[in-house]
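Trainee: My questions will all concern the structure given below.
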Amino acid sequence: MDFSWMAWTLPTAAFFITIFLMLVGMGVWEYFSPGGNPRVGILRFETTRGDRLFVSLLGSAFIHLAWLGLIGPNLWWALALAVVYAIGVFRFV
Amino acid sequence: MEKTWNNKAWLMVLPVLVLVAFSAVIPLMTVVNYSVQDTFGGNQFFWAGAEWFQEMLHSDRFWAAMGRNLIFSAIILAIQIPLGIFIALNMPRKGWGVPVCLVLMALPLLIPWNVVGTIWQVFGRIDIGLLGYTLHALGFDYNYVNDPFDAWVTVIIMDVWHWTSLVVLLCYAGLVSIPDAFYQAAKIDGASRWAVFRYIQLPKMQRVLLIAVLLRFMDSFMIYTEPFVVTGGGPGNSTTFLSIDLVKMAVGQFDLGPAAAMSIIYFLIVLLLSWVFYTVMTNYDVEK
C-alpha cells in the first residue's frame, strides 16, 4: 500500500510512535495494577491515571503552542517543560 | 472462582476501532504530517517545522475568527439551553399533544444543514424573503447582506431555530423519566413551582443537560455550512468563523500547511473546552 499521500516524516512518525508506546505502557500498567488508581489531587476532583495522561498530553500541547507563540521556534526547552509538567501531573493531580 | 470477564469481548470492539481509525485517526495523523510541511501539489512535500504554527499564532486573522467563534458559541449556549429547558418544561406529558410536539420538535433536526442555510438565506432577503421583506416594510433597516449586526442576528436566530429542538428533546427525555412520586411528595410538602424545578427537575435533567451543552458547544464552535450558505462569511469577515476561514485557506488558497496547523490548534481548543465542560459538570454531579 502506498501511504505517500499521508506525507510521513521521521519527526511526526516518532511523535506518533511515542504516543502509541505511551498507550501500550498504560495498558500494561493497567494489566498489572487494575482499577486506574483513582485519587483526588490538587484539582480537587477524582482522576484516574488515564485522566492524568490525557491532562499531561493536552497540557503539553498547549505548553508547546505557548512557547511557539511567545518565545520562538526552538522547542527543546518547551519539551523539557512539558516533561516536568507531566511528572507534576502524575505526582500531584 | 469463576471468571467474571472475557477478553474475547475485545473482538466485538474491533469493528468500531477500525472505523474510528479510518474516519478519525488516519486523517488526524495526515493533518499533523501536513502541518509541519509545505506542498505545491503533486504529492511533494518540503519540511517547514513549526513555521506554520508560529504563523497562525501570530495571525490577526486567526485570532479574530477565534474570537467570533467563542462569542457565537457563548451566545448560542446562553440562548438555547434556557430556551430548550423552558420549552421542554411546557411540553405535554400525556395525550395527543405528545406525538405532535415531538414531531414538530424533530422537524428542524431532520433538515440538511445546507438546506437550512438556503431557507434562511431566502427568508431573510429584503426583496423576496418573508422575514426580510416584512421587516423592511415595517420600517426596520434590516439587511443581512450589508450590515454585520443583521448578519449575526440572522445566523444566531437560524441556529436557534435549527438546534434548540435538540436541547428540548434531551431535556424532555430527562423530564419524563422522573417518577410521579417525586411530584406527589413535592405537592404534599407544598413546594412552589420554582422549588419543584430547582430540586427535582433540574437535578434529574443534569445528565442530559451535560450532553446538550457539550453537543451544542462543539457543534456551534465548529459551525460551517449554515453561515457559509447564508452570509458566505460576510459582510466583510464579520461572520467568518474558524471553519469557514479554514476551508478558505485549505481549499480556496491551497495553503495546506497553514490550514493543517490551524486545524490542530482548533482541535486542541475544542478538546480543552469540551474537557473543561465535561469535568466541571460531571464533578458537580459527584459533589451533589
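Cβ coordinates are placed from backbone N, Cα and C, and glycine is handled just like the others.
Straight from TrEMBL, here's the annotation block:
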| type | residues | note |
| --- | --- | --- |
| TRANSMEM | B:12-36 | transmembrane segment |
| DOMAIN | B:66-277 | domain 'ABC transmembrane type-1' |
| TRANSMEM | B:70-89 | transmembrane segment |
| TRANSMEM | B:96-115 | transmembrane segment |
| TRANSMEM | B:160-183 | transmembrane segment |
| TRANSMEM | B:208-225 | transmembrane segment |
| TRANSMEM | B:259-280 | transmembrane segment |
Trainee: Residues sitting near the transmembrane segment (B:70-89): Cβ under 8 Å, six or more positions beyond its termini, same chain?
Mentor: 105, 155-156, 159-160, 163-172, 174-175, 197, 201, 205, 209, 212-213, 216-217, 220-221, 223, 241
Trainee: I need to check the long-range neighbours of the transmembrane segment (B:259-280): which residues 6 or more away from its ends have a CB within less than 8 Å of a CB in the stretch?
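Mentor: Answer is 28, 31-35, 52-53, 55-57, 62, 66, 210, 213-214, 217-218, 221-222, 242-243, 245-246, 249-250.
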Trainee: Do any residues, 6 or more residues outside the transmembrane segment (B:96-115), come within under 8 Å Cβ-to-Cβ of it, and if so which ones?
Mentor: 87, 161-163, 165-166, 168-169, 172, 225-226, 229
Trainee: Under an 8 Å Cβ to Cβ limit, what residues of the same chain, 6 or more beyond the ends of the transmembrane segment (B:12-36), are close to it?
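Mentor: For the transmembrane segment (B:12-36), the sequence-distant neighbours (Cβ-Cβ under 8 Å, at least 6 residues beyond its ends) are 45, 47-50, 52-53, 256-257, 259-261, 263-264, 267.
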